[in-house]
Amino acid sequence: MLRNTPFGATPTYKLLLGFGLCSLGGAMLYAYFKTRNDEEEADSGGQRPASGIRGQTEEQKPQKEVCLKIVVDNEHVPLIMGRGGSNIKLIEEKTLAKIRLRDKDSGHKFCDISGVPDAVKAARALLIKEIERAPVVKVELQVPQRLASKINGRGGELLQEIRSSSLAKLNIDLNGRNGKAKITIIGNQKQVNIARKMLDDQIEEDEELVRSMEEVEQRREPRRSPTNSIASSMYSSQTSLSSHTQPRDKLMASKGEGKPMEVYVSAVASPTKFWVQLIGPQSKKLDSMVQEMTSYYSSAENRAKHVLTAPYVGQIVAAVFKFDEKWYRAEIVDIMPNQYNPKEQVIDLYFVDYGDSEYISPADICELRTDFLTLRFQAVECFLANVKSTIQTEPITWPKSSIAKFEELTEVAHWRKLIARVVTYKERPRATTAVSAAAKEGTPLPGVELFDPADNSELNIADLMITQGFALPLDDSYPVRSRSSTPSSNSDSTIEELCVSNPVTPLTPHSPMSMSIDVDSITQAENEHLAQQLQHLQHKLNGNDIKNINPAKLTATDLENGNNNNASTTNGASAH
């Protein structure tokens, strides 16, 4: 349009037209290439730009740092640090975590690990690995064999407890010398220290027990004279209604210990009918109780509070023993007329903690103070295994000479320590006058081998009886062993471990591994018998609850009523 005008012929017009055409061409080229690039990116995967954007977003949002605090023993700090801190530096370089140690207490330090979670986790794993490569320590201890047997017994419960608590390896060698066993502890220093501490506690407990037993042996006096022991044991009835129940605390503690038991022979009727006390903490408790009973019942005023006016068979009472003038717990087995004075009565008593019996006048018997029932009865009836009487026609009747020899060898009631091991059992004769559940059930009697630990050897008492002509072997196959025969320390039987669940013949030998006991039935029988005593005493207290009675706060009226009703009250001691 401007081309035909005078302006169209000017150079300015031509310049403007050239710039315009170039600009239009450039714009068209840009639009073309832009469209082509978009189409190519769409064909080759148009999601790539979005991925790139997400990656940039994640990189812009770093992980949050965390700090983990662990506690390490001072003895492990050198392992973590390394020479000049080289270990920590190496771990920090590998994991990009930061590690700092600071004091916690005298024996430990805090180890703070900071960084991103993955780095902290990796650093912790490397630190634990360094701690676990602590040098292995081996320690050997010499302990008494009885303690080693205790640790290794009861299915190894105590041994497993030490292993699990310390994470150390423990091995026990019972075949040591001079009555010692060797315990080997293997682990790092911390594990060994923990195991050693737990073993030291057991050693201290065992030494305390030995000291207590030595004190008992020094303080105990002979309970009866040898000249009187035969008559008393042979001619008193000794058919206790409750003596079949072993002391439950000792039974539960030693069940399955797998070792011979230390015992005192406390009373003897014959080699096939005698009583033992298990040596242990209860021995000292028994002596303390006898001392307290003697002190209490020696007072005429106290005896007046516990007058026995209506005795009954099966009642647990307090009675004075004429030989030593001490007071003991006893059970009334029978009440009968005095053969020298039919108008008077005589009471046949079984001393539940010792096993012997006496005929005693009711005047020398009192009702038992209730708190004296707390300790379990200590006498355990046994028979000597593998022997029989020299009287062929009456194998259960023993000559007085044989009984006297057996009393001499066992030092009955003179508190000589013997070793007993259960090797068999037989059914107990059922008592026709029994009122306790245990007697009605006819619990089995343990047959034991007795050993005298003298002159660094253990003499088998049954063998001595046979070789000296005071007994015969139970059968021809019985081997008379050396006089220094030693009971196996690996035996799994104890005096308490009797099997009452399976039918048996009257005399059934069993391997030590098969000996066990129905604890619940025996415990229930003894509890029922004690409950009967408490029920009787509660009735005497006019229906008052024994548990709620404070003897120190009884009024004069209460005491007067108690005496009128023969109540069994306590003076200055709590009833249980």
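Cβ coordinates are placed from backbone N, Cα and C, and glycine is handled just like the others.
Looking at the stretches 535-555, 556-576, the one that Swiss-Prot records under the feature region 'Disordered' is 556-576. It is 209-253, from the ranges 74-118, 209-253, that Swiss-Prot records as region 'Disordered'.
Residue counts of the domain 'KH 1' (65-127) by helix, strand and coil are 32 helix, 22 strand, 9 coil (DSSP-based).
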